[in-house]
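**Q** Found this in TrEMBL, in case it helps:
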- THR197: phosphothreonine (MOD_RES)
- 246-276: coiled coil (COILED)
- 593-629: region 'Disordered' (REGION)
- 593-602: compositional bias 'Low complexity' (COMPBIAS)
Amino acid sequence: MGKVIGIDLGTTNSAMAYYDGKDAKIIPNKEGRNTTPSVVAFTDKGEVLVGEPAKRQAITNPERTIYSVKRIMGMMCNEPKAQEAKKHVQYKIVDKNGACAVEVDGKIYTPQEISAKILMKLKKDAEEFFGEEVTEAVITVPAYFNDSQRKATQEAGKIAGLNVLRIINEPTAAALAYGLDKKGEEKILVYDLGGGTFDVTVLEIGDGTFQVLATDGNAFLGGDDFDQRIMEWLINEFKAETGIDLSNDKMALQRLKDAAENAKKELSTKEETEINLPFITADATGPKHLVKKLTRAKFEAMIDDLLQETLKHIDTALNDAGLNKNEIDEIVMVGGSTRIPKVQQLVSEYFNGKKLNKSVNPDEVVALGAAIQAGVLKGEVKDVLLLDVTPLSLGIETLGGVMTKIIEKGTTIPVRKSQIFSTAEDNQTAVTIHVLQGEAELAKDNKSLGQFNLEGIPPAPRGVPQIEVTFDIDANGVLHVSAKDKTTGKEQKITITGSSTLSEEEIQRMIKEAEEANRKEKARIEAIKARNELDAVAYQAEKFIKDNKDKLGDVSALEAKIKEAKELIESQSEDKAKIEGLKAELQAELQKAAQNMAASGQAQGGAQGQQGQQQNKGGDDDVIDAEVE
């Protein structure tokens, strides 16, 4: 049975893990780290960089470096959150058939394609770790992700060549990792504050059962927003001091973003940090430097309203679960942003000074939980039952533009519910089923997931036809809808695909493109290795000539091959066959020169042999310093 990995596909960082039969363990990436930056970059040479290499070059390549793409997954471009996201990134977010996409050098990439590149990097590193192919995964999403966002995540996995066995909510995954070995019954609250999203989930765990009682959150609240507050402060301070506005300078903004992130991290352990960015810009008077001190107190004041919002979500989750704060046994802190001391202080104070559970690594626990869920699905983890809930209500638009709920928020999944509707006009022969997700009373204020038509209804007075609408949410939290005319038995079934999701044709095209990109990348790496080997032989040949110039005859053929090798290396040729052919020719010339020198030395030695050992004091002087094959 092949390995199944658990993947935490995060806004700022991603992680992966596996279940070894006893425990869940993190899989380090190729660079030896337990987390991988969720960053993809396109270089001017056509290379695609993922993870740490992409993040390192962001300052000099801001418009081609894509980060926090999770924030626009499954988003329509006219949504307010999408408009907000556009303002805070240096790359170009564009409209593709109404959905958000990214444009780099004139080419359009969907968020699914960018996320797939991150998943492909994780998949490849896992394969190197195991020494075998990895084709299956459990991927986590924020609990507050809507149907479109969940589908987009599934699509990203498919493009990356992964069979996504299950989509699991991040806080639920964290609870699995925390509570797998717990024997007694507990009510726990998972406070998950990551790089781009915030979730709070209340669960009851005991005897292997993990039942989600309620979940709430904001898919647009996290460490990125804290960085943005620091950036805005720096821009305003610099403008006040110099009159220069940095907000339109993409390279300066990328430097500010990096500096803000580092300052935020430092302030988790220090009371004050200095942000020092020399040569941030220049004007007629010369270069300008940005040097500012930021205290922890000032930073906490900057983000206080965002932190207070997280407490309101705790209120909602507890209320939906029918619990008061004193009934919570453990508060499990998850996500890198929970390292901020003020976050810990506010949550502890909310629960009347209760000690927070920080026994889990906030960056790794979600991936570990996903690996445990993979173990459950594969039958490797016994006696574990996971009962999750739908985070938002689902329904359809009815007469007067009203949202009529079919499945209420907080319903345990999987679930199937039906409701009977009728026509709004006399002799109506078709109805449009407009599927919605959200809590607002009016349809227009909720998220539209898509629509479809049921046609062929026999003409009848309004209110007479009986149309049964069925909503079916699977274990991934993904919605399937059907509408059936009970008179004729005609039925229309669809898996909801809003215009932010991809068609099967698009997914297959992207899979092929990803496979082709992989093939090219593999060929490029092999060419680099071949060039390095050719370079090593050229170096040996040069060193051989230099060390033995007094003993060599005509080496013009060898020198010509060295010159040819250097030119091929400098041209960055990716023709592996040509490189390897030249290497073989160079090695042959080097070997010939070494043999000629050895033969010449033997002849000279025979002529001088009678002079005795006095002429042979050199010892090592007769050793040829060359590596030949």
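Each Cβ is built from the backbone N, Cα and C atoms, and glycine gets one as well.
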**Q** DSSP on the compositional bias 'Low complexity' (593-602): how many residues come out helix, how many strand, how many coil?
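**A** For the compositional bias 'Low complexity' (593-602), the helix, strand and coil counts are 10 helix, 0 strand, 0 coil.
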**Q** Check the DSSP secondary structure of THR197 (phosphothreonine), expressed as helix, strand or coil.
**A** coil
**Q** Return the residues near THR197 (phosphothreonine) by Cβ distance under 8 Å, restricted to its own chain and a separation of at least 6 in sequence.
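**A** Long-range Cβ contacts: THR11, LYS70, PRO142, TYR144, GLU170, GLY217, ASN218, ALA219, PHE220, LEU221, GLY222.
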